[in-house]
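Colleague: Mind having a look at this structure? Questions to follow.
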Amino acid sequence: MADAATVSRFGQFGTRSKHIAAGDCVIAYSGPQNMTFITVKAGAVFANSYGRYPHDSIIGVEWGSKHPSATGRGFIHLLWPTPELWTLSLPHRTQILYTPDISFITSFLDLRPGVKMIEAGTGSGSFSHAIARTIAPTGHLYTFEYNADRYEKALVEFQEHGLTELVTLEHRDVCSDGFEQRDLVDAVFLDLPSPWEALEAAKQTFKKHKTGKICCFSPCVEQVLRTTAELQKQGFVEIKMFEVLVRSYDSRKTEVRPLPTRADEEQRRHDIGNKKRKEREAAASSSASDAANPAKKVATEDGSVKVELAEEKVDEAAAAPASVNVSQPQEVRTVREFTGLKPPREATGHTSYLTFATLLPQIYRGSDGEKINDESA
Ligand SMILES: C[S@@+](CC[C@H](N)C(=O)[O-])C[C@H]1O[C@@H](n2cnc3c(N)ncnc32)[C@H](O)[C@@H]1O
């Protein structure tokens, strides 16, 4: 416990270089649903279903390049790791927050450069990476994780990604042991199974002379009810709950065939008429030998026997005059291609409910800086 580790500013994710170097975290991008990260190491090899990519061939390559596999048959794009790409490629140790929820929370918690905030639990560090960028360069994120293995792994990631000056990760059970921070933060984010158990302690961490914001992320509505009851008990106001649902669209190339012209239509009627006439002639010659029987038995492909009346009803199309001039010069009309939008068959569904609340200043100061009341006393 209290095994605190302060791990540099928005490190590799924030420092732009032109070329990839050993030690860099690179997003190996093969498509929107197909990306993973590589930590570049001399002598190592990255392989995916499109081929093998020796890290030595990646070192010194420009960020964003389309990079061929060893055989030249496959390729990947070598992308700079933004928090959004990291979220889509990170190793999952838990359920994680995705960009739609993260951006909503960022807005409603009023997160920006300079903000100090608390997060619990750290989980897979998806939210932590996004917030580190938002609050950089002068803010700070205090994040807590009680699972030892997840704590260790998150610590290594924060160090490798150079987040040491922005993020403090602590191995701690915040529900039983609370937080040591006092009168320090602007915002709190709780992604815990029972956030209501940490609310009283979380309240102590807010700056006393400023308005604070809190958000609890819970998948079930029963959790929301317990959280809102406790928020009220702790004196939070403006309690609101939201669910962020996303509908994405794929852009697809589609072919559009031109509408038929009058000449096309005449040609079609003419072809049908010819076909029907030939069928009638064929039927007439075979029925001459079977004149006594007006009905004809025809064997069908599936082996059954179909009875056809000798006298057919004449199709309207068949009545089209055979003299229609169909050899008029045709206007040259090409199939056009255009890019359209299509929603996916299955839209991404519920992730969690976001419960927000506000904590009003507990200490109001007069214009001379003198305390005029202390609600927290
Ligand atoms: C769903 S995950 C958080 C995922 C994270 N928001 C992300 O985007 O990657 C919840 C984490 O909270 C941790 N946790 C649960 N109860 C805790 C507690 N009382 N104190 C600290 N961490 C806790 C769990 O171990 C788990 O790693």
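The chain as shown is numbered from 1 upward.
Any Cβ shown, glycine's included, is placed from N, Cα and C.
So TrEMBL has the following annotated:
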BINDING   GLU145, ASP173, ASP191  S-adenosyl-L-methionine binding site
COMPBIAS  253-282  compositional bias 'Basic and acidic residues'
COMPBIAS  283-292  compositional bias 'Low complexity'
REGION    253-304  region 'Disordered'
Colleague: By a simple count, how many Cβ atoms lie within 10 Å of the Cβ of ASP173 (S-adenosyl-L-methionine binding site), its own Cβ left out?
Modeller: 17
Colleague: In the same chain, which residues outside the set GLU145, ASP173, ASP191 have their CB within 8 A of the centroid of the CB atoms that define the S-adenosyl-L-methionine site?
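Modeller: My list of surrounding residues reads ALA120, GLY121, THR122, GLY123, PHE144, TYR146, ASN147, ARG172, VAL174, LEU192.
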Colleague: Let me check the 10 A CB neighbour count of ASP191 (S-adenosyl-L-methionine binding site). How many other CB atoms are there?
Modeller: 24
Colleague: How many of the residues that make up the compositional bias 'Basic and acidic residues' (253-282) does DSSP mark as helix, as strand and as coil?
Modeller: 21 helix, 4 strand, 5 coil
Colleague: For ASP173 (S-adenosyl-L-methionine binding site), what is the secondary structure state per DSSP, taken as helix, strand or coil?
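Modeller: In three-state terms, ASP173 (S-adenosyl-L-methionine binding site) counts as coil.
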Colleague: Within 10 Å of the Cβ of GLU145 (S-adenosyl-L-methionine binding site), how many other Cβ atoms are there?
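Modeller: Excluding its own Cβ, GLU145 (S-adenosyl-L-methionine binding site) sees 28 Cβ atoms within 10 Å.
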